[in-house]
Amino acid sequence: MSDQPPPYTPLPLLSSFPPNPYPDQTPDPASTPTLVLPNPAFPNKRKRTGFRRKLPSGSPAAPVAVAASPSAQPPPRASAADDIIVINREPTAEAVTALTAGFPADSLTDEEIEAGVVSDVGGIEQVNYILIRNHLLTRWRETFNSWLAKESFATLIPPHCDHLLNAAYSFLVSHGHINFGVAPAIKERIPKEPTRHNTVIVVGAGLAGLAAARQLVAFGFKVVVLEGRKRCGGRVYTKKMEGGGRSAAGDLGGSVLTGTFGNPLGIVAKQLGLPMHKIRDKCPLYRPDGSPVDPEVDKKVEGTFNKLLDKSSLLRASMGDVAMDVSLGAALETLRQTDGDLSTDQEMNLFNWHLANLEYANAGLLSKLSLAFWDQDDPYDMGGDHCFLPGGNGRLVQALAENVPIVYERTVHTIRNGGDGVQVVVNGGQVYEGDMALCTVPLGVLKNGGVKFVPELPQRKLDSIKRLGFGLLNKVAMLFPHVFWSTDLDTFGHLTEDPSHRGEFFLFYSYATVAGGPLLMALVAGEAAHNFETTPPTDAVSSVLKILRGIYEPQGIEVPDPLQSVCTRWGTDSFSLGSYSHVAVGASGDDYDILAESVGDGRLFFAGEATTRRYPATMHGAFISGLREAANITLHANARAAKSKVEKGPSTNTQACAALLMDLFRQPDLEFGSFSVIFGGQASDPKSPAILKVELGGPRKKGATEGGKADQHHSNKLLFQQLQSHFNQQQQLYVYTLLSRQQAMELREVRGGDEMRLHYLCEKLGVKLVGRKGLGPGADAVIASIKAERNSSRTKTRPSKLKIGIPKSKS
């Protein structure tokens with residue numbers, strides 16, 4: 001079966017910044033440009049397997065030009081838009097690159113706002129910053145084997161924007177968006193010895209732990225990685241199989257690079273010179289007796305399946321919050337009974353195969369998946385092909401682990417965090433001590449209480465650990481004397497008659513083109529994956545061979561016994577206790593964010609696929625979470641250094657103070673509406689300083705300008721005056737101001753909601769709201785004094801002081 005390509009939707013270039021001062025000028029609609037971008041609503045969970053990707057019903061099969069609204073206006077002949085800098089003639093293409101890297105094309109991320117990359121959120125400075133940021137991202141993607149030096153842009157960026165270049169470059173490097181990976185030019189920048197006094201203990205050498213450790217070493221930290229297994233990689237495990245003079249490498253864990261657009265693991269693969277094999281769309285299905293499925297019946301049932309998924313989306317929209325307490329499985333079964341149009345056994349078997357595929361995509365039973373949020377990560381799909389990596393994903397793991405200090409067979413059972421550091425206790429009682437720790441153990445281990453935290457984790461984090469689901473996928477890998485299956489396909493499927501066994505060997509992966517030998521992999525999903533945990537390996541292999549012989553022997557093809565076979569048991573593996581996470585009934589995407597939160601005043605951090613709301617249950621999600629936490633650890637370390645300096649004099653470290661400010665506002669002294677306040681000085685002094693934070697949500701201001709007075713400015717203005725965020729989501733912005741305690745209390749008493757408070761703040765009090773950097777150095781001392789006061793108030797209740805350092809490991 002062949003599949004249609006993912007839909008592409010041309011978006012009109014809608015207005016953003018700045019507003020148009022000439023609202024009565026109307027452009028010629030025929031000349032209105034459009035931007036063709038991948039449709040983010042493409043059903044990710046239906047294609048995560050890397051094959052049989054289908055359009056949802058009613059989706060366009062080809063791009064359709066969409067003109068901008070007639071109300072869109074051309075730009076003024078002279079306006080603030082003329083201050084937009086010109087870097088090149090391809091800002092639209094660079095915006096698309098930013099989108100694939102996880103950035104909004106025309107706005108800032110929360111992390112950028114918190115880092116204070118611009119002093120005026122929403123102005124021309126932000127527009128120019130985004131142009132520079134997108135250009136840096138694009139250049140990095142083009143030159144990933146080289147170190148991207150800031151100096152190479154000195155002649156390209158106007159002098160008045162040097163500070164924006166510095167801010168963008170610093171942010172992208174520190175957050176792992178550029179200059180990461182394993183290219184020689186990147187590795188030679190890693191310091192031979194630590195340049196910082198901070199010690200970080202990383203628990204777990206999976207992709208998250210390796211990504212974080214590698215970054216932290218590059219940033220100059222002292223790092224040690226504690227791994228319970230005898231190998232690195234965690235749930236990414238490439239097994240070398242041998243027998244009869246044959247050998248092959250099979251991925252028993254994470255196996256598919258899901259999407260190549262912007263995937264950082266794709267960058268690492270390219271740095272290693274590894275070709276990526278696109279998983280071909282052809283996926284024939286076979287009935288329980290081994291005969292091929294009728295193509296027309298297959299087409300009909302697949303259409304019914306997609307129709308019911310679409311109807312389930314409409315159903316949850318109509319149910320509102322009630323959908324949080326309903327499973328996807330219950331919704332699909334109800335819809336099938338009322339509108340399923342499945343009349344024969346073959347049609348029901350085919351439908352159950354699609355359900356098994358859906359359970360594979362989520363590593364969870366449909367009866368456990370949340371109807372409301374099971375696909376909450378779909379808008380962030382990387383896009384692009386799904387691929388196998390020749391030789392297995394273990395090649396990525398080995399490259400990332402190179403020169404990273406890893407101590408194997410160290411099973412962590414206790415993590416303590418105190419006022420001055422952390423202690424990590426491993427099997428045998430050995431204690432590792434450091435300044436900070438990063439926990440990357442799988443959600444299954446956290447659910448089972450495999451690691452004890454002292455003090456106990458906050459209740460909100462414990463609740464999220466309990467709410468999120470952690471499912472199971474198992475495999476049977478078989479090395480044969482020769483390839484007897486078709487060489488023009490990478491996948492084929494098999495139907496079962498018993499619905500409770502629908503996930504049993506329902507899908508086969510052919511690794512013959514990428515493993516170096518005749519390797520075939522049978523997948524076990526859903527309820528069958530749990531039953532498989534106790535199935536004797538010989539019985540499992542016999543069942544697989546029976547299926548294969550039922551398919552191929554009627555065609556006159558002999559199926560030999562395998563030379564070697566391996567059965568996985570991820571559910572009972574004590575270091576994983578499952579495969580990957582999903583949003584269970586009662587949970588939401590918020591729970592991923594909560595799992596990612598640090599605890600212990602920035603001493604204990606968390607990473608892993610179950611800590612990323614956008615990319616859960618993926619290898620690249622785990623990798624990205626490690627880069628994220630390396631950045632967070634660095635920010636907190638800088639904040640502590642800044643605090644130490646502030647006690648002697650005000651700090652000029654902007655990012656460090658930004659991190660301090662972010663921490664302080666986690667527990668504001670005063671909250672009302674979208675406003676929160678932290679107080680400094682004496683409570684009895686009405687003139688004592690305070691810092692106000694305002695959360696601005698909802699749609700951004702929309703100007704109506706378009707076009708340009710010069711060709712070289714044309715695309716820049718169109719992009720940043722008209723392009724809406726690709727994800728079409730409302731962005732929350734945070735702005736700040738310094739004021740007195742008395743003014744803050746007056747503001748709280750203003751009636752009429754946030755709009756009236758904003759009016760009072762700006763018009764009556766004459767206060768200007770700015771980004772973090774706009775607060776200026778005067779705020780740094782206030783921030784530091786508030787932090788010092790809070791630390792002082794906690795002194796009596798803090799755990800005892802811990803020694804810093806890493807003991808010599810016992811061999």
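Numbers here mean position along the shown chain, with the first residue as 1.
Any Cβ shown, glycine's included, is placed from N, Cα and C.
Binding of FAD is annotated in Swiss-Prot for Glu227, Arg229, Glu609; the matching candidate from Arg214, Arg235 at the same site is Arg235. Taking a C-beta cut-off of under 8 angstroms and a sequence separation of 6 or more, Arg235 (FAD binding site) has the following same-chain neighbours: Gly206, Gly253, Gly254, Pro442, Trp570, Ser576, Ser579, Tyr580. Mean pLDDT of the predicted structure over the domain 'SWIRM' (88-189): 94. Residues Glu227, Arg229, Arg235, Glu609 are listed as the FAD binders, and the farthest two of them sit 19 Å apart at their Cα atoms. The number of other CB atoms found within 10 A of the CB of Arg229 (FAD binding site), across every protein chain shown, is 19. Per DSSP, the secondary structure of the domain 'SWIRM' (88-189) breaks down as 59 helix, 0 strand, 43 coil.
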